[in-house]
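*Asks:* My questions all concern the structure below.
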Amino acid sequence: MKLYSLLSVFLVILLATSDSDAFTRNNFPKDFLFGAATSAYQWEGAVAEDGRTPSVWDTFSHTYNRGNLGNGDITSDGYHKYKEDVKLMAEMGLESFRFSISWSRLIPNGRGLINPKGLLFYKNLIKELISHGIEPHVTLYHYDLPQSLEDEYGGWINRKIIEDFTAYADVCFREFGEDVKLWTTINEATIFAIGSYDQGISPPGHCSPNKFINCTSGNSSTEPYLAGHNILLAHASASKLYKLKYKSTQKGSIGLSIFAFGLSPYTNSKDDEIATQRAKAFFYGWMLKPLVFGDYPDEMKRTVGSRLPVFSEEESEQLKGSSDFIGIIHYTTFYVTNKPSPSIFPSMNEGFFKDMGVYMISAANSSFLLWEATPWGLEGILEYIKQSYNNPPIYILENGMPMGRDSTLQDTQRIEFIQAYIGAMLNAIKNGSDTRGYFVWSMIDLYELLSGYTTSFGMYYVNFSDPGRKRTPKLSASWYTGFLNGTIDVATQDTIQLQSNISGSSSL
């Protein structure tokens, strides 16, 4: 590795954009939030400290055959280093920080007694953020169900989860709601149900028997729809509680987030256009149509039939309007076609992708470790939601680019990726989308749920070999700082000199 013994590294980046794409932070409304994100299991570590009990991710990462992906036992050690991280956020100029609460740290048995040390940690974290002028955006659930509830009744495929999730949410609203004004109930609800109960790639690892993944239990033709149904009802129940009991005094907002691929027809044929609409109904409408109109998309009801649960009239009314905003998690875009071609997941005999009945082809020239930007995909998502779902308020809760671990601090490709998506988001806003915030994934290097420590998304490098988990800024941290404080404009052929205070080395 080539070393540069410099106190500062100056890089010149040519940002080639069109005149119409030129923008600065000032082009966005003053109350628009720019931030960065993490999640509890991926950031905190300290999995067996101060009363925390195992979540399903602890079990999954330790017991399932996932190669050398590791686990989140220590990860970035945010539990002990949160003050240092908040200071870095403040230095970066973050306006908001999105994090999740570990249910099993706050309520170790899943219900009942609150863990005072867990409660104190989150109170201190929120206090630290606010003291530095950073708005907390709190996710209640990011894949990490207490293992005790999974063992007791099977977690999200059992309607008992609705009552337990609502009780857990009640504790969070009561204890943190005076200082938290933005709540996301459940993280990327669509891909959570698919990954956990159809594909078996995330806990509890359920899927039908197949030659690709060795799931010990599950039914891919029914369980993802059961889980999705209970996710929606749990969200609606928590939202109803918040609005009846807390909203009038706490003045906050509550929403649900979905994972959204950009989806575009592979050709201009009518068949591909119909296939794309069907894919949007399954990927977006599965969660969004109940939240806005109270029922599932007709395309899903026709295809899935009796395997798709039915909302009662009361449930339908409770769902409508239960999200004050929609959270969008977006990374990449696919072309959609009816014609056979490689799909995003291996073909299986049953499940969500068979029901959807389309083939998906990557629109980006990407590898597992490096994604090409396709910002037009995000712009298309925002336009579609505006037109199809009454233009709800939207927060882009995750967007970012993976790179190989220990590759470089000069992550210029990540900078180009992020600025391209911010530009696309601005275009959508100019066209009427009610988008109100953007969060880079991720604030610092973390334990990535699907790739472990083989990839990193962070704007700060974390040395996972160092017991102290030393943080070092990447160039993207300096770029984001400059963009947020107005010293960097994204404009036509601008030559922008970024100063990154990287001591000793620009490569790792």
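Using the three backbone atoms N, Cα and C, a Cβ is placed for every residue, glycine included.
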*Asks:* For the beta-D-glucoside site, Swiss-Prot lists Gln42, His142, Asn187, Glu188, Glu398, Trp441, Phe457; sort out which one of Tyr246, Tyr331, Tyr335 goes with them.
*Replies:* Tyr331
*Asks:* Do you know which of Cys172, Cys215 Swiss-Prot records in a disulfide with Cys207?
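*Replies:* Recorded disulfide partner of Cys207 in Swiss-Prot: Cys215.
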*Asks:* So which recorded positions out of Gln42, Glu188, Cys207, Tyr331, Phe457, Asn463 end up within 10 angstroms of Asn214 (N-linked glycosylation site), measuring C-alpha to C-alpha?
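*Replies:* Checking each Cα against Asn214 (N-linked glycosylation site), the hits are Cys207.
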*Asks:* Out of Cys207, Cys215, which of the disulfide-bonded residues is least crowded by other Cβ atoms within 10 Å?
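*Replies:* Per-residue Cβ counts within 10 Å for the disulfide-bonded residues Cys207, Cys215 bottom out at Cys215.
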*Asks:* Are there recorded positions among His142, Cys207, Tyr331, Asn365, Asn431, Trp441 that sit within 10 Å of Glu188 (active site, proton donor), Cα to Cα? If so, list them; otherwise say none.
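*Replies:* So far as Cα distances go, the recorded positions lying within 10 Å of Glu188 (active site, proton donor) are His142.
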*Asks:* Go through Gln42, Asn214, Asn431, Asn463, Asn485, our recorded positions, and report the one whose Cβ sees the most other Cβ atoms within 10 Å.
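*Replies:* Of Gln42, Asn214, Asn431, Asn463, Asn485, the one with the most crowded Cβ is Gln42.
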*Asks:* Mind giving me a neighbour count for Asn219 (N-linked glycosylation site)? Other Cβ atoms within 10 Å of its Cβ, every protein chain shown.
*Replies:* 19
*Asks:* Could you list the residues of the same chain, at least six apart in sequence, whose Cβ is under 8 A from the Cβ of Asn187 (beta-D-glucoside binding site)?
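*Replies:* Those within reach of Asn187 (beta-D-glucoside binding site), by Cβ under 8 Å and sequence separation of 6 or more, are Ser39, Ser100, Thr139, Tyr141, His142, Tyr143, Ser257, Gly327, Ile329, Leu397.
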*Asks:* Spatially speaking, which of the recorded positions Asn365, Glu398, Asn463 is closest to Trp441 (beta-D-glucoside binding site)? Use C-alpha to C-alpha, please.
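*Replies:* With Cα distances computed to Trp441 (beta-D-glucoside binding site), the winner among Asn365, Glu398, Asn463 is Glu398.
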